[in-house]
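Enquirer: From TrEMBL, here are the annotated features:
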| type | residues | note |
| --- | --- | --- |
| ACT_SITE | 109 | active site, nucleophile |
| ACT_SITE | 168 | active site, proton donor |
| BINDING | 109, 168, 227, 239, 243 | substrate binding site |
| SIGNAL | 1-18 | signal peptide |
Ligand code: GLY
């Protein structure tokens with residue numbers, strides 16, 4: 001009897017214990033169906049899908065909200081996969097809906113707002129109307145860089161501070177590198193390097209976790225290190241760690257300076273080795289949230305991190321396999337019913353369970369558009385890697 005059970009388990013083993021392989025076709029088929037419903041429920045391109053309100057109704061925002069580019073960007077991801085003209089048309093429509101933000105000098109978020117839709121759109125279609133919009137946007141963004149301070153200003157005010165810089169700002173640099181290449185204007189490149197170097201100097205702790213907000217004095221010295229969206233000034237807000245990881249991985253891609261690669265690896269190691277990272281590898285909203293394990297997860301941080309790791313692993317090194325396998329685990333978790341919505345539910349967003357701003361009780365355990373954007377990007381990266389020899 002014992003022997004036969006053993007034999008049966010042996011036969012069953014690979015099936016029973018193997019992780020469900022990610023099926024990119026299936027995930028994109030679902031995303032397309034869900035976003036068909038999202039498009040139907042959003043006929044007006046001045047109302048951008050963002051999240052869900054506490055009463056369960058859709059929370060839409062205007063084009064000047066920092067997330068306005070993620071819906072168009074997500075539609076481009078679906079077009080990239082399906083190549084169907086209907087997605088190209090929808091993506092173009094929602095991309096152009098953000099165009100007026102190219103003149104917006106009041107935010108540091110133009111990388112998210114413009115490069116996610118127009119950058120992906122241009123990469124996929126070479127539509128000549130996109131680059132001038134991007135280049136105007138890059139100029140607008142660069143007006144927020146004061147060379148005496150050496151960083152791009154994020155918000156105009158935070159508490160009593162007038163030059164706050166958030167770690168999220170690392171995500172705008174990819175846009176400026178693109179602008180530098182296309183325009184030949186090296187200033188965009190140089191200011192990005194300066195911003196990144198000062199971020200290494202001032203935003204990171206010895207364990208490679210990041211503060212959320214660093215407030216600068218006019219001479220570039222640091223006035224205060226704070227949090228806005230994290231649990232505490234000294235805590236590791238999960239999405240902030242993800243933004244930094246993604247940002248420094250891009251810094252290495254764009255400059256080939258090994259110091260950025262080493263830095264991104266340190267951030268990845270902090271994140272992946274953290275004792276509070278759950279087994280499914282989707283973090284709590286803050287690694288130091290006080291009531292872990294009774295705290296909300298942040299699927300958006302998981303999606304951003306998966307995408308960043310799928311780039312970082314391509315640069316080799318002793319941890320490349322760990323980065324790849326961890327990213328796959330994150331994508332498997334996000335693609336499971338624990339995080340992925342049912343068709344027609346979740347206000348037609350793909351992923352559930354993100355946290356926007358817990359201290360303000362805003363977007364707590366809701367879908368958020370950027371979780372979908374980075375999840376789809378990570379699926380595309382995963383699929384591209386799987387087709388490469390050695391992965
Ligand atoms: N402040 C941008 C974010 O919530 O990640």
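Glycine too: its Cβ is placed from the backbone N, Cα and C atoms.
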Enquirer: Just report the maximum Cα pair distance in Å for the recorded substrate binders 109, 168, 227, 239, 243, no decimals.
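Expert: Looking at 109, 168, 227, 239, 243 as a set, their Cα atoms extend up to 18 Å apart.
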Enquirer: How many neighbouring Cβ atoms, not counting its own, are there within 10 Å of the Cβ of residue 227 (substrate binding site)?
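Expert: A 10 Å sphere around the Cβ of residue 227 (substrate binding site) contains 19 other Cβ atoms.
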Enquirer: Between the Cα atoms of residue 168 (active site, proton donor) and residue 239 (substrate binding site), find the distance and write it as a whole number of Å.
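Expert: Computed Cα spacing between residue 168 (active site, proton donor) and residue 239 (substrate binding site) is 8 Å.
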Enquirer: Express the distance between the Cα positions of residue 243 (substrate binding site) and residue 109 (active site, nucleophile) as a whole number of Å.
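Expert: With the alpha carbons as reference points, the distance is 13 Å.
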Enquirer: Give the number of CB atoms, excluding that of the residue listed as 'active site, nucleophile' itself, located within 10 Å of its CB.
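Expert: The Cβ of the residue listed as 'active site, nucleophile' has 24 Cβ neighbours within 10 Å.
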Enquirer: Once the chains shown are all counted, how many other Cβ atoms turn up within 10 Å of the Cβ of residue 168 (active site, proton donor)?
Expert: 24
Enquirer: Near residue 239 (substrate binding site), which residues of its chain come within a Cβ-Cβ distance under 8 Å, counting only those 6 or more away in sequence?
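Expert: Looking at Cβ-Cβ distances below 8 Å from residue 239 (substrate binding site), excluding near sequence neighbours, one finds 168, 229, 285, 298, 300, 301, 304, 355.
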